[in-house]
Structure formats: C-alpha cells, structure tokens
C-alpha cells in the first residue's frame with residue numbers, strides 16, 4: 001500500500017434511508033399506510049407545493065415509491081459528521097410524525113404514527129439504506145467489483161440489523177421454518193454490479209451520477225446494506241467501508257477473496273450467525289465470512305500505520321476506534337460468545353431480546369409477539385421504539401456520546417465543511433425572504449424575477465463567491 005497515491009482520507013459521502021410507516025390504535029391499523037404517509041408530508045406539500053424538497057441542512061426529504069418517507073443526508077466529509085446527519089433525519093421525521101398525530105386528533109382519529117428504520121415489511125417487501133461514496137475515476141469498476149464486493153457481502157457479520165426471516169420472504173430450498181438471520185437486505189439482492197436499483201437490486205449500483213465533476217469523480221452507490229439503529233453498528237458499517245476504499249485506492253489487493261457466486265453467498269452468510277458458512281472463492285478455495293472479515297480488518301490495522309492525516313475528513317484516532325471495534329466484534333463471533341458486543345451490534349442486541357422472550361415464554365419464531373419485536377426494534381419514535389428506549393436508558397453503546405444537541409441542530413443546519421453549506425445557507429435566506437428558488441445536488445437557482453443559476457461541481461468546497469453573490473442578490477431585493 002502507498003499513501004502517495006490518490007487516496008481520499010477526506011471523502012464525500014452520504015446515506016439515503018427509506019422508512020416504513022404505519023399508524024395504529026389499540027394494536028390495529030388506524031390509517032392506511034398511503035394515507036398516513038400523505039398526512040406526514042402534508043406540512044411539506046402545503047408549504048412547498050411538493051413532497052420532494054431539499055432541507056435547510058442541505059439534505060433531501062421526499063415521499064418515495066410505495067409510500068416510504070426517504071431522507072438523504074447532505075454531503076458529509078467525516079465519519080462522525082455523517083453519523084450526526086443521519087440521526088438528524090430522524091429528528092425531522094419525528095417532528096412531522098408529531099404534527100401528523102395532532103392533525104389526526106383534530107379529525108377525531110386516534111392513532112400513533114410509527115416510523116421504522118428497517119429494510120423489510122411484514123409482506124416481504126424490501127426498501128433500502130443506500131450508501132454513497134465519492135471515488136476518483138482512477139479506480140476501476142472492475143477492481144471494485146472483484147475486491148470491494150467480498151467485503152460488502154461478508155460485512156453483514158459485523159453490522160447486520162438482524163431479522164426473523166419468514167417463509168414468504170426467504171430464498172430457500174423448500175424449508176419454510178422461520179430463522180433468525182444476520183441481514184434484512186441479503187435475501188433481496190440478486191447481482192454483484194449493475195446499473196439497476198429495484199429490478200435486480202445489485203450490491204453496487206453503477207449508474208454514473210457523480211453529482212460532481214464527472215471527469216474527476218464517480219459516486220459509488222452501495223445498496224446492499226441494512227439500516228442501522230445502533231450508532232456503533234453504523235460507525236462500524238461506514239468506517240470499515242471507508243478504510244477498505246482507502247486501501248484499494250492505495251493499491252492494496254484483495255483479489256484472493258473474490259467470491260464465485262455473490263448472490264447465493266450473501267444469503268448463505270446471512271443464515272449463519274457463526275460466520276463459518278462455506279464461501280466458495282473464484283480461485284477454487286473455500287473460505288468463510290469470518291476469515292474474510294479478519295483479513296480485511298488486519299489489513300486495515302496495517303493501513304492505519306501509514307494513513308495520512310488530513311485537516312478535514314475522519315481523523316486517524318476515529319479510524320482506530322473503528323478498527324478496534326471491528327476486531328472486538330470478530331473476536332466475539334469467533335469465540336462463540338457475543339456477550340462482549342451485546343450493546344454494540346444491532347443483530348446481537350435484537351437477538352438477545354428475542355432470546356429472552358423465547359426463554360421466558362417458550363415461543364418459537366413464528367409467534368406474532370416476536371415478529372412484532374422484530375419491527376418495533378426499528379421504530380424511531382421516542383418512547384415507542386425498542387432500540388431508542390434502550391438508548392435513552394443507557395442500555396446500549398453510543399458512538400456519539402454527548403452529541404444529542406449537535407444532532408438536533410443538524411436537522412436545520414448544514415455541514416460547514418462541504419458543498420451542502422452553500423445549499424443550506426441559500427435555502428435559509430430564500431425562505432426567510434420569500435424568494436422563489438430551486439436547488440438540487442449541484443445547482444442553485446433563482447427563478448424570479450430574473451432566472452439565474454450556477455453549477456457547484458466541487459462537493460468538497462464549502463464556499464464559492466458565486467453562491468455568495470446569489471445570496472446577496474436575494475438580501476438586496
């Protein structure tokens with residue numbers, strides 16, 4: 001590995017999260033999902049005449065296909081910044097859910113809105129958590145397909161959300177017995193690398209939309225991951241991916257771990273909590289998820305010894321925290337005793353809850369209460385979701401200790417180190433001055449009285465004199 005190569009230790013990244021939504025009263029559906037989703041977005045539509053907007057923090061909020069609220073973080077350039085802005089989306093959605101409940105009450109409809117940060121519903125439909133990483137054009141898609149995919153396929157062992165797989169949603173050989181799996185997303189992925197997102201659901205989407213200078217960058221769109229409730233799980237998921245991308249850019253080779261059949265292997269791994277399910281490699285050798293992850297973690301520790309420190313980006317100290325957690329999780333799984341990570345990793349936390357109910361009541365995984373727990377774990381509503389309740393009581397680990405006020409502030413304030421700052425500042429001034437404007441990831445536009453727009457193709461730049469001039473023109477009206 002060579003730190004002299006074009007390695008992005010400061011990398012632009014973001015997360016897009018689709019949420020499940022229901023409205024219940026006394027355990028029964030009170031409002032249909034389509035209707036409650038529209039009610040959730042009514043304040044947005046009433047104000048902006050659209051259910052697809054960019055927010056004051058520079059992110060994006062919209063109602064996706066299938067009545068799924070979706071939040072995309074603004075561009076972030078460090079691990080902790082991304083985790084804060086991912087949580088900030090929950091703040092925004094919880095505000096909307098509170099307003100929706102009050103609106104229902106005004107209509108004399110009793111109902112509680114639930115927002116699930118998960119990846120599958122009770123009918124077996126899947127919705128995503130998509131990770132976006134900016135990479136240079138110098139790194140070839142073929143190399144990513146061969147050497148990044150083995151990491152992505154096996155990382156469910158260290159950061160899966162956990163899931164009771166039901167017969168209708170399992171990819172099985174006729175066995176219809178429900179089973180606890182590592183990943184919610186694994187059974188819904190069918191290809192390694194593809195330009196599709198919904199039809200075939202690849203691990204890496206190759207549709208070339210960099211939202212930046214296309215001659216310099218590409219946006220790596222990873223759609224295989226589970227949504228994370230736990231901050232430590234999210235930190236491990238994102239942080240380990242950042243390290244692997246850095247190592248690939250630095251010239252490290254992981255071609256010995258190229259997997260022969262990615263779509264089958266990702267399912268096999270998901271059903272084996274020990275990490276020892278057979279993984280046939282392209283070379284003909286048989287490995288397992290545990291061995292592959294151990295190899296990546298060992299290389300990551302070596303990389304940290306030469307990783308350059310940037311003024312911005314994720315500090316080496318935070319990356320060392322990631323590697324320490326990575327090794328801790330793998331050691332626990334290797335030993336067969338996961339008690340040391342029972343407050344750190346989503347699939348372990350959830351499994352322990354389910355195990356306790358099974359031990360107490362003798363239920364098997366078909367019991368409706370256990371299936372309810374599977375979903376309630378992911379409810380982001382304060383005081384309603386299982387995980388957030390555990391977090392409030394200090395029963396699970398935090399990566400962002402003491403950051404609650406920063407998370408709340410981030411719902412309305414953009415990152416100060418990326419292009420999102422200009423977008424957020426522009427929108428704030430426009431809204432405060434009732435100006436007719438529009439934005440997207442790369443453009444700012446004043447619509448009236450004289451149309452004027454600029455393209456911002458450098459996502460690393462937090463300042464541009466042209467953006468300052470546009471803001472000044474609004475203030476000078």
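Any Cβ shown, glycine's included, is placed from N, Cα and C.
On its own chain, residue 16 (Mg(2+) binding site) has 70, 71, 72, 73, 128, 129, 130, 132 as residues at least 6 apart in sequence with a Cβ closer than 8 Å to its own Cβ. The annotation Mg(2+) binding site is assigned in Swiss-Prot to 16, 62, 70.
Positions annotated as ATP binding site by Swiss-Prot: 60, 73, 441. In the three-state DSSP classification, residue 60 (ATP binding site) falls within a strand. The Cβ of residue 60 (ATP binding site) has 52, 53, 54, 70, 71, 72, 441 as same-chain neighbours under 8 Å, each 6 or more residues away in sequence.
Here Swiss-Prot flags 64 as active site, proton acceptor. In this view, residue 64 (active site, proton acceptor) is surrounded by 16 other Cβ atoms within 10 Å of its Cβ, with every protein chain counted.
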Spatial neighbours, same chain, of residue 62 (Mg(2+) binding site) - Cβ under 8 Å, 6+ residues apart: 51, 52, 53, 69, 70
Mg(2+) site, defined by 16, 62, 70: further same-chain residues with Cβ within 8 Å of the Cβ centre: 17, 18, 60, 61, 64, 68, 69, 71, 72
